[in-house]
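Read the structure below first, then the notes.
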Amino acid sequence: MQNEPLTPGYHGFPARDSQGNQEPTTTPDAMVQPFTTIPFPPPPQNGIPTEYGVPHTQDYAGQTGEHNLTLYGSTQAHGEQSSNSPSTQNGSLTTEGGAQTDGQQSQTQSSENSESKSTPKRLHVSNIPFRFRDPDLRQMFGQFGKILDVEIIFNERGSKGFGFVTFENSADADRAREKLHGTVVEGRKIEVNNATARVMTNKKMVTPYANGWKLSPVVGAVYGPELYAASSFQADVSLGNDAAVPLSGRGGINTYIPLISLPLVPGFPYPTAATTAAAFRGAHLRGRGRTVYGAVRAVPPTAIPAYPGVVYQDGFYGADLYGGYAAYRYAQPATATAATAAAAAAAAYSDGYGRVYTADPYHALAPAASYGVGAVASLYRGGYSRFAPY
């Protein structure tokens with residue numbers, strides 16, 4: 001009664017061998033011993049070929065089938081079922097191992113494909129020869145891969161000595177950077193680096209007035225200093241130092257600009273309000289304060305024997321307005337007439353660099369309010385500008 005459940009199992013093993021099973025008869029010792037010698041399968045790693053993964057899965061699968069047979073096989077039915085289990089388990093585990101390695105290979109191939117189809121990369125090339133043009137730069141970098149775009153930066157004087165090369169593949173761009181960085185081309189050591197995006201700031205123009213004015217009174221005082229020097233207009237003297245200049249804005253809107261309160265220099269021939277404001281009106285609204293300033297400064301004022309040296313001793317406007325006075329005001333006698341002083345002022349009327357303005361047609365006595373944009377631009381591009389870089 002004690003061993004009756006196990007008796008069919010023990011008698012069933014020889015019968016199973018007689019059916020053609022090739023597996024050896026297992027003993028209780030064989031049931032326990034193989035577990036201590038079975039190595040644990042290594043974890044899956046990317047890039048391991050199929051031959052490394054399949055043999056381990058086969059050995060482990062076969063041993064697993066034997067132990068499943070001895071441990072859980074108690075009847076003939078279980079024995080028959082387990083007799084077919086090693087092959088099925090071997091096949092299933094082999095297919096799983098093959099699928100796993102195939103998945104790993106496909107994963108590595110997909111990663112390589114994605115790497116080869118990466119985003120374009122832009123290189124910054126500096127210190128290139130000035131005679132280089134886009135085809136020259138494309139020929140120099142074209143040996144490393146497909147180039148999408150080549151651009152050399154120019155200004156009005158020619159090449160600035162640097163440019164950009166955009167590769168379709170970032171790997172080609174890195175290889176070109178490693179090979180060409182530091183090489184000498186026509187005596188110049190070129191530098192190839194990864195291009196970085198420039199941070200662009202949007203500068204918005206501030207419009208301080210609701211009627212569309214873009215030139216503030218402070219800037220207007222720079223371009224038309226005669227208008228803002230003081231409350232010096234003959235028509236506004238009766239109003240005191242807090243006078244205002246009425247200027248017609250857009251749409252017929254009158255705008256009053258308060259004048260800067262400065263003390264009047266006695267005896268100085270300030271321009272009248274009618275002529276100066278008439279020349280200033282309209283041109284100021286169109287941003288042409290420079291032309292009005294040139295029209296006002298072209299008229300040499302009358303000579304003053306005791307001219308006070310307190311007005312506009314600045315290096316820029318002082319040289320244009322009053323540069324001539326310093327040359328002759330001390331040399332003239334106290335009884336000098338207005339005609340001789342005006343002639344001396346016209347002869348010495350220069351900007352301090354030896355260039356006389358009398359020969360310039362834009363500095364004539366004609367009103368300058370009707371000049372076009374081209375003429376205004378020519379004033380800035382003239383030979384007398386001290387701020388021209390070259």
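Using N, Cα and C of the backbone, Cβ positions are placed for all residues, glycine too.
Feature annotation from Swiss-Prot assigns region 'Disordered' to 1-127.
Per Swiss-Prot, compositional bias 'Polar residues' is recorded for 18-28 (among others).
Under the heading compositional bias 'Polar residues', Swiss-Prot lists 65-95 (among others).
Among the features that Swiss-Prot reports, compositional bias 'Low complexity' is placed at 97-117.
Note on the domain 'RRM' (121-197): mean pLDDT across this stretch is 91. According to Swiss-Prot, the feature domain 'RRM' maps to 121-197.
Applying an 8 A CB threshold to same-chain residues 6+ apart, the list for R122 (site 'Interaction with RNA') reads F164, V165, T166, F167, A173, N194, A195. In the three-state DSSP scheme, R122 (site 'Interaction with RNA') is classed as strand. Annotation comment: Swiss-Prot describes R122 (among others) as site 'Interaction with RNA', evidence class similarity to another entry.
According to Swiss-Prot, the site 'Interaction with RNA' annotation covers F130 (among others). Other C-beta atoms found within 10 angstroms of the C-beta of F130 (site 'Interaction with RNA') number 12, with every protein chain shown included.
For R131 (site 'Interaction with RNA'), the Cβ neighbour count at a 10 Å cut-off comes to 9, with all displayed protein chains included. Residues or ranges marked as site 'Interaction with RNA' in Swiss-Prot: R131 (among others).
Taken from Swiss-Prot, the feature site 'Interaction with RNA' covers N155 (among others). N155 (site 'Interaction with RNA') falls within a strand segment according to DSSP.
Under the heading site 'Interaction with RNA', Swiss-Prot lists K160 (among others). The Cβ of K160 (site 'Interaction with RNA') lies under 8 Å from the Cβ of I152, I153, F154, each of which sits 6+ residues away along the same chain.
The site 'Interaction with RNA' annotation in Swiss-Prot covers F164 (among others) and rests on similarity to another entry.
Listed in sequence order, N127, I128, P129 are the same-chain residues six or more apart from R188 (site 'Interaction with RNA') with CB atoms under 8 A from its CB. As annotated by Swiss-Prot, site 'Interaction with RNA' applies to R188 (among others), with the evidence given as similarity to another entry.
In the three-state DSSP classification, R198 (site 'Interaction with RNA') falls within coil. A simple way to gauge crowding: the CB of R198 (site 'Interaction with RNA') has 5 other CB atoms within 10 angstroms, across all the protein chains here. The annotation site 'Interaction with RNA' is assigned in Swiss-Prot to R198 (among others) on the grounds of similarity to another entry.
Feature annotation from Swiss-Prot assigns omega-N-methylarginine to R281 (among others); the stated evidence is similarity to another entry.
According to Swiss-Prot, the feature asymmetric dimethylarginine maps to R297 (among others), an assignment based on similarity to another entry.
Marked as asymmetric dimethylarginine by Swiss-Prot: R329 (among others).
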Between R131 (site 'Interaction with RNA') and N155 (site 'Interaction with RNA'), what is the CA-CA distance rounded to a whole number of Å?
-> 13
As a whole number of Å, the Cα atom of N155 (site 'Interaction with RNA') is distant from the Cα atom of R198 (site 'Interaction with RNA') by 19
Take the Cβ of F164 (site 'Interaction with RNA') and count every other Cβ within 10 Å, whichever protein chain it belongs to.
-> 15
F130 (site 'Interaction with RNA') sits from R198 (site 'Interaction with RNA') (Cα to Cα, rounded, in Å) at a distance of 23
